[in-house]
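To start, the structure under review is shown below, and the notes come after it.
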Amino acid sequence: MWTADEIAQLCYAHYNVRLPKQGKPEPNREWTLLAAVVKIQASANQACDIPEKEVQVTKEVVSMGTGTKCIGQSKMRESGDILNDSHAEIIARRSFQRYLLHQLHLAAVLKEDSIFVPGTQRGLWRLRPDLSFVFFSSHTPCGDASIIPMLEFEEQPCCPVIRSWANNSPVQETENLEDSKDKRNCEDPASPVAKKMRLGTPARSLSNCVAHHGTQESGPVKPDVSSSDLTKEEPDAANGIASGSFRVVDVYRTGAKCVPGETGDLREPGAAYHQVGLLRVKPGRGDRTCSMSCSDKMARWNVLGCQGALLMHFLEKPIYLSAVVIGKCPYSQEAMRRALTGRCEETLVLPRGFGVQELEIQQSGLLFEQSRCAVHRKRGDSPGRLVPCGAAISWSAVPQQPLDVTANGFPQGTTKKEIGSPRARSRISKVELFRSFQKLLSSIADDEQPDSIRVTKKLDTYQEYKDAASAYQEAWGALRRIQPFASWIRNPPDYHQFK
């Protein structure tokens, strides 16, 4: 079928060949994050009895995004012409929506070959049965999936994170991290303390690299587990991992902050810093953001699909991801599963076509060459700070203007005087995707339009079109009735009233 390394290599090659120099990190000074959606197509005329692993497929990158930034709440605009969230995963998903709009235009308007085939109801389309989509990210999503234990070992290979840690509250900190000096040393990739630690990843040791730790302050809540000396009960012989005792000495931290008003992090030293399973918002520089963490958004996609409310008007079923592949980085299989699928497992009554997906989650052993870890290793003792790249790149598999490079939510190079004009809009901003949706709708004869639009009273604003996707809104309402999703931060209505 495909392997995690094949997906990663395809995305890295696409980044190097198809994306321009503009918007990429400055060598040896900046780093960025990468995400993409890969279309998987099973080859035709294969025997039905071929084992799944031997099925021949073609792989194609259909959307890609880079980026590390979010704007604060004070910079949000009611006109929908700014990107609030420019993390790579979100850029890739919005670029994917642009690709889906183009494919719907091919099918519904031009009657040309497309990823969609007619559905059973008038005006609706469904994904071809030989196609699926894999989501790739060079790193674990910010938020819950990035709360990963660091394990200290004596003379034993790298062990996977045990299920009990990943699914419950953090374990107690160990004595050697009580001292604040040692704690700071753990956050320094070059320190002796940090080099003693190895991540609990199933088969691979990640050396000389630690995740970027958050800067949240500590708070006085005790952890649930009374001892940091744990015994691995599930040795993974297939990966050559021996059983034995180990200690969780700290956690890789996420900068994403808990939703205001909800139970917060423990904030104790070492491994007791974070609570797991909570909704989080992305951090801002002094100005709080309204953007939920990538872990939370990806969990939502796994129930509602990646297409969003607008495109659901044209679809018989949501467009789900079949798998998520993560590049080489601090990683925990159990934390990923908890964050993306485990929090949605409570029984949900969902509309027809919607459901909690059994998402396949894998990690590649290939490191993204412009990741923070790779650039830090390459630059050695070079002077100056290593900083995240301020630009974001969007690429979609569409024939016209596939590239979009932004900074601070606007096309790179936009002047203050230009803000508010059409030229100052990203092609994947809310207002531009809405324009593409309206163009698609106006190109379809009235008697061929979907019932959700045809029989509804006159629709005008972005919010009205979203609300008219009744099945999608019903599914979203069902998800928000369970914890932790009841705490989801929603933008005020004024931000969705543009036309």
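Glycine residues also receive a Cβ, built from the backbone N, Cα and C atoms like all the rest.
Here Swiss-Prot flags 63-498 as domain 'A to I editase'.
DSSP assigns His87 (Zn(2+) binding site) to a strand segment in the three-state reduction. The Cβ neighbour count for His87 (Zn(2+) binding site), using a 10 Å radius over every protein chain in view, is 26. The Zn(2+) binding site annotation in Swiss-Prot covers His87, Cys142, Cys294 and rests on sequence analysis.
With a cut-off of 8 Å between CB atoms and residues at least 6 apart in sequence, the same chain places Leu33, Ala35, Gly65, Phe135, Ser137, Pro141, Cys294, Lys297, Met298 near Glu89 (active site, proton donor), listed in sequence order. What Swiss-Prot records for Glu89 is active site, proton donor, and it gives sequence analysis as the kind of evidence.
DSSP assigns Arg300 (1D-myo-inositol hexakisphosphate binding site) to a helical segment in the three-state reduction. Of all Cβ atoms in the shown protein chains, 21 besides its own fall within 10 Å of the Cβ of Arg300 (1D-myo-inositol hexakisphosphate binding site). Feature annotation from Swiss-Prot assigns 1D-myo-inositol hexakisphosphate binding site to Arg93, Arg94, Lys297, Arg300, Lys430, Lys466.
The region 'Disordered' annotation in Swiss-Prot covers 170-194 (among others).
Residues annotated as compositional bias 'Basic and acidic residues' in Swiss-Prot: 178-187.
Positions annotated as phosphoserine by Swiss-Prot, on the basis of a large-scale study or a structure entry: Ser191.
Look at Swiss-Prot and you will find 212-237 (among others) tagged as region 'Disordered'.
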Have a look at the binding-site residues (Arg94, Lys430) and report the one with the fewest Cβ neighbours inside 10 Å.
Lys430
Out of Arg93, Lys297, Lys466, give me whichever of these binding-site residues has the highest number of other Cβ atoms within 10 Å.
Arg93
Round to a whole number and give the Cα-to-Cα distance in Å for the pair Arg93 (1D-myo-inositol hexakisphosphate binding site) and His87 (Zn(2+) binding site).
10
Cys142 (Zn(2+) binding site) has how many other Cβ neighbours within 10 Å of its own Cβ?
27
If you draw a 10 Å sphere on the Cβ of Cys294 (Zn(2+) binding site), how many other Cβ atoms land inside?
30
Give the three-state DSSP assignment (helix, strand or coil) for Cys294 (Zn(2+) binding site).
helix
For the recorded Zn(2+) site formed by His87, Cys142, Cys294, name the remaining residues of the chain with Cβ within 8 Å of the site's Cβ center, in chain order.
Leu33, Asp85, Ala88, Glu89, Ile90, Pro141, Gly143, Ala256, Lys282, Ser293, Ser295, Lys297
